[in-house]
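Peer 1: The following feature annotations were taken from Swiss-Prot:
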{"type": "BINDING", "residues": "Asp34, Asp86, Glu158, Glu160", "note": "Mg(2+) 1 binding site"}
{"type": "BINDING", "residues": "Arg47, Arg70, Glu158, Gly231, Asp233", "note": "DNA binding site"}
{"type": "BINDING", "residues": "Asp179, Asp181, Asp233", "note": "Mg(2+) 2 binding site"}
{"type": "REGION", "residues": "1-104", "note": "region 'N-domain'"}
{"type": "REGION", "residues": "122-253", "note": "region 'I-domain'"}
{"type": "REGION", "residues": "336-344", "note": "region 'Interaction with PCNA'"}
{"type": "REGION", "residues": "355-388", "note": "region 'Disordered'"}
Amino acid sequence: MGILGLSKLIADLAPQAIRESEIKNFFGRKVAIDASMCLYQFLIAVRSEGAQLATVNGDPTSHLMGMFYRTIRLLDNGIKPVYVFDGKPPDLKSGELAKRAERREEAEKALKAATEAGDEAEIEKFNRRLVRVTKEHAREAKELLKLMGVPYVDAPCEAEAQCAALVKAGKVYATATEDMDALTFGSSKLLRYLTYSEARKMPVKEFTYEKLLQGLELNQREFIDLCILLGCDYCESIKGIGPKRAIELINSYRDIETILDNLDTSKYTVPENWNYKVARELFIEPEVADASAIDLKWTEPDEEGLVKFLCGERQFSEERVRGGAKKLLKSKKAQTQVRLDSFFQTLPSSPNAVAAAKRKAEEAKKSANNKKAKIGGGGGAGRGRRPK
């Protein structure tokens with residue numbers, strides 16, 4: 001699910017935190033990619049005549065087709081991807097998973113009704129809703145990546161949290177996912193639409209964590225509380241509080257505890273036994289592997305291994321697979337080129353660095369306001385940060 005309404009809230013209140021770019025602008029960058037999100041996209045999008053691609057035995061291959069060609073496209077553009085796979089979900093996510101199971105059951109009933117009615121559009125719609133990534137899909141994707149010479153990481157828990165840890169450690173430039181909670185986990189950069197097909201012509205949307213904190217006038221902890229109010233995977237949200245009201249409350253009271261002390265409970269219903277404190281801790285200290293100990297290596301592809309794995313039973317075109325393997329080899333050799341900024345040291349990001357950048361921005365803002373006052377500048381008061 002990610003964080004409900006966060007993307008629009010940032011666009012409205014901190015537009016300076018978002019930049020749209022062409023994929024080629026990320027040449028030379030290492031990027032941690034949410035593998036489960038990608039596989040889900042491929043299972044839905046890579047289809048023939050409305051159905052998933054499959055072997056003669058009916059086993060799906062859409063996820064492998066998508067992973068193979070989209071990864072080649074990234075490498076063609078000089079991007080070095082590392083795929084991060086989900087581990088076990090945290091216990092606090094069980095409520096969200098139960099809701100997903102209910103929605104799946106409803107979709108199955110709707111699909112049955114659409115099939116009986118012969119409504120092809122509805123059949124396709126509900127078939128897509130029933131798509132889910134299995135352990136077998138993930139296992140096959142890992143085998144494919146190994147043959148392609150592309151590294152992957154098995155996260156102990158949430159993939160987005162592990163991606164954020166790799167970014168913080170300076171191992172990669174950004175997290176690539178469609179789930180906004182990568183920012184809640186503290187990833188300094190988030191890339192959306194990076195793995196979309198070229199045909200969709202979607203520019204890559206880059207979010208910068210420090211700039212969104214400055215634009216929203218929040219620190220890391222306050223931003224996490226905002227995300228919990230908006231709605232996350234780990235606990236329910238307060239009914240009746242949408243994005244606009246959530247940011248107003250955080251700006252006024254700075255944390256959920258103080259909000260609850262001042263909330264009009266005749267208007268808003270707080271969930272019973274609300275686990276917001278545990279959710280907050282999951283975002284602050286998620287279960288991740290030590291990123292500094294992870295060694296990321298991009299190696300040469302195994303062309304014969306790829307042909308054996310993808311052709312035959314999986315029915316990929318041998319000519320196209322060999323062509324893809326040659327592109328992989330070519331991009332591996334081309335990666336000797338480097339970005340100019342790679343000559344400078346990349347330091348791991350930290351909450352202290354974010355706070356320092358924020359203080360610097362606030363000091364610059366105060367200085368500018370003082371200068372305006374001296375020369376008589378001014379129309380009304382600007383939007384200031386309320387005291388904690």
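The backbone N, Cα and C atoms fix where each Cβ goes, and this holds for glycine too.
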Peer 1: On the DSSP side of things, how many residues of the region 'I-domain' (122-253) fall into helix, strand and coil, could you say?
Peer 2: 69 helix, 16 strand, 47 coil
Peer 1: Using a 10 Å cut-off, grab the number of neighbouring Cβ atoms around the Cβ of Glu160 (Mg(2+) 1 binding site), all chains included.
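Peer 2: Taking every protein chain into account, the count is 29.
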Peer 1: Just checking the binding-site residues Asp34, Asp86, Asp181: which sit within 10 A of Asp233 (DNA binding site), CA to CA?
Peer 2: Asp181
Peer 1: Hey, how far is Arg70 (DNA binding site) from Glu158 (Mg(2+) 1 binding site), Cα to Cα, in Å?
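Peer 2: Between the alpha carbons of Arg70 (DNA binding site) and Glu158 (Mg(2+) 1 binding site) there are 23 Å.
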Peer 1: For the recorded Mg(2+) 1 site formed by Asp34, Asp86, Glu158, Glu160, which further same-chain residues have Cβ atoms within 8 Å of the site's Cβ center?
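Peer 2: For the Mg(2+) 1 site the neighbour list reads Ser36, Met37, Val84, Ala155, Ala159, Ala161, Gln162, Cys163, Thr177, Asp179.
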Peer 1: Would you say which of the binding-site residues Asp34, Asp86, Glu158, Asp181, Asp233 has the most Cβ atoms within 10 Å of its own Cβ?
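Peer 2: Result of the Cβ crowding comparison: Glu158.
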Peer 1: Per DSSP, what is the residue tally for the region 'N-domain' (1-104) in helix, strand and coil?
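Peer 2: Once the DSSP states are binned, the region 'N-domain' (1-104) shows 55 helix, 21 strand, 28 coil.
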Peer 1: Calculate the per-residue pLDDT averaged over the region 'I-domain' (122-253) and state the result as an integer.
Peer 2: 94
Peer 1: Roughly how many Å lie between the Cα atoms of Asp86 (Mg(2+) 1 binding site) and Asp179 (Mg(2+) 2 binding site), rounded to a whole value?
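Peer 2: Rounded to the nearest whole number, the Cα-Cα distance is 13 Å.
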Peer 1: I'd like to confirm something. Which of the binding-site residues, Asp34, Glu158, Glu160, Asp179, Asp181, has a Cα closest to the Cα of Gly231 (DNA binding site)?
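Peer 2: The answer is Asp181.
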Peer 1: Just the number: how many Å between the Cα atoms of Glu160 (Mg(2+) 1 binding site) and Asp181 (Mg(2+) 2 binding site)?
Peer 2: 7
Peer 1: What whole-number Å value do you get for the CA-CA distance of Asp179 (Mg(2+) 2 binding site) and Glu158 (Mg(2+) 1 binding site)?
Peer 2: 12
Peer 1: Please report the Cα separation of Asp34 (Mg(2+) 1 binding site) and Asp181 (Mg(2+) 2 binding site) in Å, rounded to an integer.
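Peer 2: One finds 12 Å between the Cα atoms of these residues.
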Peer 1: Can you tell me the CA-to-CA distance separating Glu158 (Mg(2+) 1 binding site) and Asp181 (Mg(2+) 2 binding site), as a whole number of Å?
Peer 2: 10
